[in-house]
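Contents: one structure, followed by commentary.
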Amino acid sequence: MNQKKLYIDTVGCQMNVNDSERIVTMLQPLGYTQTQRRHEASLILFNTCTVRAGAEECLLQNIANLKNLKRKKPGTLIGVAGCVAQQMGTELLQKYPWVDLVFGTHNLHLVPEMVKDAEQGRRRAETDFLDSSERLDLFPPIEGRKRVSTFVTVMQGCDNFCSYCIVPYVRGREISRRFDEILHEVQGLADQGLREVVLLGQNVNSYGLKGEEQPPFAELVRAVAVVAGIDRVRFVTSHPKDMSDDLIACFTDLPKLCGGLHLPAQAGGNRILKAMNRGYSREHYLETIAKLRQARPGIKITGDMIVGFPGETEAEFEETLSLMEEVRYFDLFSFVYSPRPGTKAAELSDDLAKEVKLARLDRLQKLQAVHSRIHNEAYVGSTQQVLVEGLAKRHGQVSGRCDSGRIVNLAGSPTLIGKLVDVKILEGYANSLLGELL
Ligand code: SF4
C-alpha cells in the first residue's frame, strides 16, 4: 500500500483534538500516516472552530492561501472538518474550488469514503445532523495511543444555548455515550498501559441527564476510578449548573480523581449571567466553589471569562474582577466577546468601544497573571506526585503534570515516562513548575 501523508491542523476545543485523533485512526486503513510537515502531505485537513470570529477568519485565509499549492501539486487533497465545516458546508466547496471534502460534526464516520471519493476526483460536502440513536453507534475507537494520558469522549453536543455561543448550532443536541462502552474503552486503555483518562464532553457533567438510559455522571466517574491500571481520572468541561452534590462528593471519596476542575463562570454579575443564559447566579457559582473546596481542600479551579458582553457596564466588569478575587482561579481563559451570527446575543445592541473591551481584557489578564503566579509560587518547597508524560522542551528534562494539572518539568531520563514519581518543586513560573526527582 502506498504511504500517503496526512497533515491535520486542529484548532479549538478538546473535542476537536479528540476528533482529529479519530480521523487519523480512520484513515490508517487507506494508507495515510500523520505528518507534522504540511509540505509533504498528500491530504491536508483543517479541523476548525467557529466559537470566535478571529479563528474563522484565520481559517478562511489559510484555505485561500492553498490555491497556489493546489495549482503546483494538484494531487494534494484539501479537506475541512469541524464547526466551520458544519456551518458553511457546500459554500466552502463553491467558494474554494480547490477544497475537495467538507464534513460536519456528525459526519466523521464518512471520512474514509469521502477521502476515497476525493482521490477519484469526486468532491463532497456532508453536514447532515444524525439522530441520537445513530450517533450512539458512531464512536469509532482511537488506535495507536501510546501516550500516558488520553481523552475519552463520554458525551457530545450541547442543549444549553448560552446566548453568545454557536456550539449548540454546530454540534447538535446532547447525547450520552453508553456507560458500558465507556468502561470497556477505559479498560482497554489501561490494558495498553495508559495511566490517566480525561473524560471529555462539551458539558461533561450533564452526562446521563437527558433520559434514563445512562446513569448520572457521578456514577460514571466512580466506575472509571475503579478500573484497574488507571491511576488518575479527570473530566472536562463542567457546567456550573450541573455540578451535583454527588459529583462534588467524588472529590472526597475518590483519591484517583485529580484535584483540578475547569468550571467556567463566564461573567461575575447576575444581570450579565442572565443575559448569557448561563442558568446560575453568582451566588450559586460561589456556593459550588465553596462546596468543592470543602470536598477537596486545595482543589484548583480554572475557568473561562468573557469580557465586553453587549451592554456590560464598568460596574458589571468590576463584578467579574471581584468574582476572580473570591475564586482565585488557578488559570483563566479570557476573551473579548465575539458576536456569532445566528446566536441570541448577536442581536443585542453592542455600543461598547473596542478599545474599552480590550482595556478591560488587559486588566483582567493582569489580575489573573498575579493569581496564577501566587498559586505557582505556593508550590515551591512542596512535594508533588507527577505523572511523567513525555520529554520536556529543554534537553535532559522530562515533563508531566501534578495532581492539579499544572505542568512540572524536571531533569530526568525518558525511562521516567509513564511513571508516577515524587518531585520536589523548586521554582514556580507563570505557567509551569520546575522540580527535582526525589
Ligand atoms: S454550555 Fe454554553 S458555552 Fe458551553 S458549549 Fe453549551 S452553549 Fe456553548
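Positions of Cβ are set from backbone N, Cα and C atoms, glycine also.
On a predicted model such as this, the values are computed, not experimentally measured, just so you know.
Taken from TrEMBL as is:
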DOMAIN    4-120  domain 'MTTase N-terminal'
BINDING   Cys13, Cys49, Cys83  [4Fe-4S] cluster 1 binding site
DOMAIN    144-377  domain 'Radical SAM core'
BINDING   Cys158, Cys162, Cys165  [4Fe-4S] cluster 2 binding site
DOMAIN    377-438  domain 'TRAM'
If you measure Cys165 ([4Fe-4S] cluster 2 binding site) to Cys13 ([4Fe-4S] cluster 1 binding site) at Cα, how many Å is it?
13
Excluding near sequence neighbours, so keeping only residues 6 or more apart in the same chain, what lies with its CB under 8 A of Cys13 ([4Fe-4S] cluster 1 binding site)?
Cys49, Val51, Gln202, Thr237
Non-site residues, in chain order, whose CB comes within 8 A of the mean position of the CB atoms of Cys158, Cys162, Cys165 at [4Fe-4S] cluster 2:
Asn160, Phe161, Tyr164, Ile166, Val167, Pro168, Gln202
Env. residues of [4Fe-4S] cluster 1 site, Cβ within 8 Å of mean position of Cys13, Cys49, Cys83 Cβ
Val11, Gly12, Met15, Asn16, Thr48, Thr50, Val51, Ala55, Gly82, Val167, Val170
For the domain 'TRAM' (377-438), the number of residues DSSP places in helix, strand and coil:
5 helix, 34 strand, 23 coil
Distance from Cys83 ([4Fe-4S] cluster 1 binding site) back to Cys162 ([4Fe-4S] cluster 2 binding site), taken between C-alpha atoms, in Å
17
The domain 'MTTase N-terminal' (4-120), counted residue by residue under DSSP: helix, strand, coil:
65 helix, 24 strand, 28 coil
Its Cβ having more other Cβ atoms within 10 Å than any other among the binding-site residues Cys83, Cys158, Cys162, Cys165, the winner is Cys83
